[in-house]
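Quick notes on the structure that follows.
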Amino acid sequence: MTLDWSAGPSHGLQGVLQVPGDKSISHRAIMLAALAEGESRIEGFLEGEDTRATARIFGQLGVRIDTPNPQTRIVHGVGLHGLKPNPEPLDCGNAGTGMRLLAGLLGAQAFDSLLVGDESLSKRPMARVIRLLERMGARIEARDGEFAPLRIRGGQRLHGQAIDTAVASAQVKSALIFAALYAEGETVITEPRPTRDYTEAMLKAAGWPIEYGPGRVAVRGGGRLSAQTFRIPGDPSSAAFPLVAALLVPGSDVTVTDVGVNPRRTGLFQALCLMGADLRFENERLQNGEPVADICARSSRLHGIDLPDALVPDMIDECPIFFIAAALAEGRTRATGLAELRVKESDRLGGMARGLRAMGAAVTESADAVEITGGPLQAADIDSLGDHRLAMSFAVAAQCAQGVTRIRDCANVATSFPGFIALAHAAGMRLDPA
Ligand code: S3P
């Protein structure tokens, strides 16, 4: 189904908003609860297509998951060795996190499985996990050795390894960690830049012996996972859209409550502060061991920056909305180290550069870098490439453009942010199905 939007302009955003639960944590909560012994409760679960696909797959693997009410799941864990084989394809939909983490977990099972995904996911690189899992003893066949569908051969003995991931990717690291739970001996993973550490933190909370710090994890196979109650905070990647809109549209004042602010996720907010944003964290607290805050944003005059390279992994999903802020800031913004953006749900560097140019921005891009000179934007006809974050980023840009912008192919916003249009309306954005 294709869905287009017509968007903007708006005259100011106001209000106290709440965004859906964190996508990364929701995937992992289902996985760890399924492998735990006993009943886990998940509150604040993201009712997005990506995370529901993961829950559906565990249902196919014999795990009972009840939904007493929306955003809540009761998972009847089957223990580390209790998953049941299923010869049907296991459909991860649009979700790279689902497919890569499951590749690690299923590579360690006694049975075969087949992981499939949608058109976008079937074009995304899987060799980065397959090759490393093979070093631990897993056997995974992929189309052209690289792409989904992934045919996973079970019944292999996995052994712990010292592995450097070479790419800064929490998905790759987490796939290896899931395999390591079943491996003989210790697996030590190092990464070129620290990435989000939810898998590590949630395993520790479930009683698994694991040592970790920025850029390094050591984990042994052969333990047990206890059932837990997960309280999932709002997704900072989703909060980014109304917050950046508030910074950019004059006369705005918005607060998003209960947002996860793990330091590995707050790169965008740091970058915006360097650009002069009036952005504050209030009511900072710990929830289930994770830092959570209410984030307040008021209209600001932003200026361009040279984005510090080290922030990129901590804002990897927020680069598209960061580029919108740069296009409306005064002066020039430069960012490098962006190669990973080419292999997300779409080529995000190319898609953003094209869309911004269509709106009148001056953008130059290279393989892994971009330079954007800020200025006024005009309405345009934009292709989101079926990428949820491109669609929402251009919906924000449109609030500040002259005229009504059409954004094409927006249905995938439901993968990560169900209710985005309703929240946008509540805040005062102009956004409707076209
Ligand atoms: C995620 C890690 C990131 C991110 C994705 C979610 C995760 O991907 O882009 O949306 O949950 O581990 P990479 O690890 O491939 O950078």
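A Cβ is built for glycine as well, from the same backbone N, Cα and C atoms used for every other residue.
Annotation source TrEMBL lists active site, proton acceptor at Asp317. Using a 10 Å radius centred on the Cβ of Asp317 (active site, proton acceptor) and all shown protein chains, the other Cβ atoms total 23. In the three-state DSSP reading, Asp317 (active site, proton acceptor) counts as helix.
Taken from TrEMBL, the feature phosphoenolpyruvate binding site applies to Lys23, Gly96, Arg124, Gln171, Arg348, Arg389. A coil conformation is recorded for Arg124 (phosphoenolpyruvate binding site) in the three-state DSSP classification, outside any helix or strand.
Annotation source TrEMBL lists 3-phosphoshikimate binding site at Lys23, Ser24, Arg28, Ser169, Gln171, Asp317, Lys344. Following the DSSP three-state reduction, the secondary structure of Arg28 (3-phosphoshikimate binding site) is helix. Under 8 Å, Cβ to Cβ, and six or more positions away along its own chain, Arg28 (3-phosphoshikimate binding site) finds Leu101, Ser174, Tyr198, Thr199, Met202.
The domain 'Enolpyruvate transferase' annotation in TrEMBL covers 11-421.
Reduced to three states, the DSSP call for Ser169 (3-phosphoshikimate binding site) is coil. The domain 'Enolpyruvate transferase' (11-421) scores a mean pLDDT of 98 in the predicted structure. With a CB cut-off of under 6 A applied against ligand 1, none of the binding-site residues Arg28, Arg124, Arg348, Arg389 are retained. Comparing Cα positions, Ser24 (3-phosphoshikimate binding site) lies closest to Arg389 out of the binding-site residues Arg124, Arg348, Arg389. Just so you know, of the binding-site residues Lys23, Lys344, Arg348, the Cβ with the fewest other Cβ atoms around it within 10 Å is the one at Lys344.
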